[in-house]
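As given in TrEMBL:
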type     : residues  : note
TRANSMEM : B:31-51   : transmembrane segment
TRANSMEM : B:58-79   : transmembrane segment
TRANSMEM : B:99-120  : transmembrane segment
TRANSMEM : B:141-160 : transmembrane segment
TRANSMEM : B:189-212 : transmembrane segment
TRANSMEM : B:224-246 : transmembrane segment
TRANSMEM : B:252-276 : transmembrane segment
């Protein structure tokens, strides 16, 4: 066989091969729909995202595929999930989303975990027209951000309503004479904690409260006992901590040890985690925290049961449900449009109301006003006590010791 | 009084974090960036044993210590010893060990996250205890006593036994130690393995009162580096004293000034000490 | 020697021009990798400027980078100052800081210097968070600009090229000569009447200036700045690791360290999305054991062998 003949054959062979692979690719593409997701599996935010984000992504994909896939105009398509770990690093996150959009060419992307990551990734979602239904993102710039990024949606409320929920609880208790007007407030010195404390200060003062203890502590403080001791030394009836998971656990443990006898004890992120109840058992009766759910609706009961069954662990009592609801919205919008037309799906989300495990959700100016802001542990369940437009809030009870 | 007691307890915690690295870096000359991950492994073991079969961390500790010793011995023999042999200068070894242990820390984080990605939360001896009118947590107190026993034991061992003397000799001058007939590779391996065991045990104890997770090791590595350098490389007493100083300063600042400034204050002390004693509290010039 | 020096400068010049065309060839994923690579090239080259000749390993990169990113963010969010004004102020602040660190660390050597810089970076991180918390009281630090990835890429390329040229000039100046002697033996350098202190501090200031500038340019890419993330010690470690992998004896060492590093990193991230960190760790180990002198060492031994045969 001479050289030329060989070349000709090789080329022919390669061409068939390429054609074959192209064929199989299109065949494959026809019956699946590619969905991408990027969130931390390692790094500082991993502990939270492995509770609230990843299990819900897995659960949703599992359920949709079990049903036979998403109902599109050309028939049902199963979801092919492409997931990356951003290592809680913005640079990694941006790269991974770019990869999803331009290399993996996924059809849709599930919104990131964390405020900073949602905002850092928004320009990419917007550039390629992916609808971005942000869940774990609390900011006071919703107006400016949604105007800038027309395919960005918020579902967990803004910082001010997040703080105002707690303020309402306190005002009610103060007006009925159950607590005094003194508050001990601490916050973790990280973007999230700083922002919340800053919003809280004027809100609480305008409502007639006095901040008798107002301190921050650095991320990763190994010993929080001076803080609880300092707060305990004041006459405040209420303790508020704008805290992150490790310090939520740490502050509560110190409060137990010091037998910090306050009437209102509030910690922020991770109070709603099952691990919080796992660690403290009945001691946390009547502890207040960020989030909450109404666990008594049929939808929520069914969701919690399925979550445990499929992922092997219980969902938290806050962002888990919101995350799953956001996926239901994405699912309904894709099915409503019936094809991979991202612009149409985005518009569909803007103009429709969606049935979710949290009840009907719709968006005004790309922002949903149905969410829980404050919850409370009552008999082993973290129930919502303040919400924005959701039914089922229960009455707040005063904390009575740490037993 | 509050400050003194809480500060001492925190100092004990820091000593647990730093003593192992001191042995590893001071004697075996390995700048171990995977030190924090070793600590978190000890914590993970305690967490798993506690949640799976309600095993007390104090029992887990007894299992963790020999396991960590053996594992670190193997790591030294098979992964680090080749680097020591290959290095022509101490600078070269520094660079190689930084790169290698950085790789190990990544690998360990990967393994730990795949075992349990969420927070290691459980409750053990989270009960109050009164000493001299100050309320402290029992778990912190237990960790403090363990730190005292480990630290005291190590100092005694280094000063009053033959092997201990050999270890100190290697830490002062590897070449001279070799000349007087000390088996430097063996002593280095011993120090590295012992350091790993101390760190892992520290992790087991710390997990009873600090919520850890698979990725948090680097924070402990940095703390350990600061303490070891502040105390002076190769002198265990230096590390212990530095740990106690940091514990007291952080607690005092948190109670008297502002908890927001604890870390800043700790670093200011560290920087200040280095400015006046560039070789650390107990370090020797040109060591 | 000078001939060869100019040759390497020309080569770099050609590479810079070629690199400038990257955004025209691709604009999605590969561009985002290129931006990341360029960020690390600029940081690692700036790092090598000081740490290469002096053998002083600095872990202060994160502090300078953070100052750049943070000042832009707080300037724009809390004081409504324009991006460009802050872009001018931030590197100057970093230079002042670098001068102070440089002067403070003159007596430190070896590992004490390394950990001092780490401690300093951590102190600044803590201080910034505290100031932000108590005095500026921010409602989130946003850096919303109209920069695209292309703009950021070109600006970073510009910084990297400038750093390289400055390094090249220093190499040929009295300062560079002094640095080499300091790196070999500081005692000898002092005997020769070289003002070692001045030389070290000046170089450290240059490093600080450019590291902060990189932080400034990258801030719009992050959009939302969290002090703990921009001051992350991780970035200091990554820069050191990449520079060491490349080899610090040549100014172009970091460049050829960063590129394979980023590519290996990407390959692993794509191939093992569930255990990225584990495989990254294993590949680091492989590199240490099979590439004892960094990529530069490999290239030099290859070219030597090539010439010999």
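One is the number of the first residue shown, and numbering goes on along the chain from there.
Yeah, the Cβs are placed from backbone N, Cα and C, and that goes for glycine too.
Taking Cβ pairs closer than 8 Å, the transmembrane segment (B:31-51) reaches residues 17, 20-21, 24-25, 57, 59-61, 63-64, 68, 72, 94, 97-98, 101-102, 104-105, 108-109, 112, 115-116, 120-122, 124, 192, 195-196, 199-204, 206-208, 212-214, 216-222, 224 in its own chain, all 6 or more past its ends. The stretches the transmembrane segment (B:189-212) and the transmembrane segment (B:252-276) are not in mutual contact, being linked by fewer than three Cβ pairs under 8 Å (pairs 6 or more apart in sequence). Remote same-chain residues near the transmembrane segment (B:252-276) are listed as 2-3, 6-7, 226, 229-230, 245-246 (criterion: CB distance under 8 Å, separation of at least six residues from the stretch ends). Sequence-remote contacts of a segment are chain residues at least 6 beyond its ends whose Cβ falls under 8 Å from one of its Cβ atoms, and for the transmembrane segment (B:141-160) they are 8-9, 12-13, 15-16, 19, 23, 58, 61, 125, 129, 131, 167-168, 198, 201-202, 205-206, 208-209, 236-237, 240.
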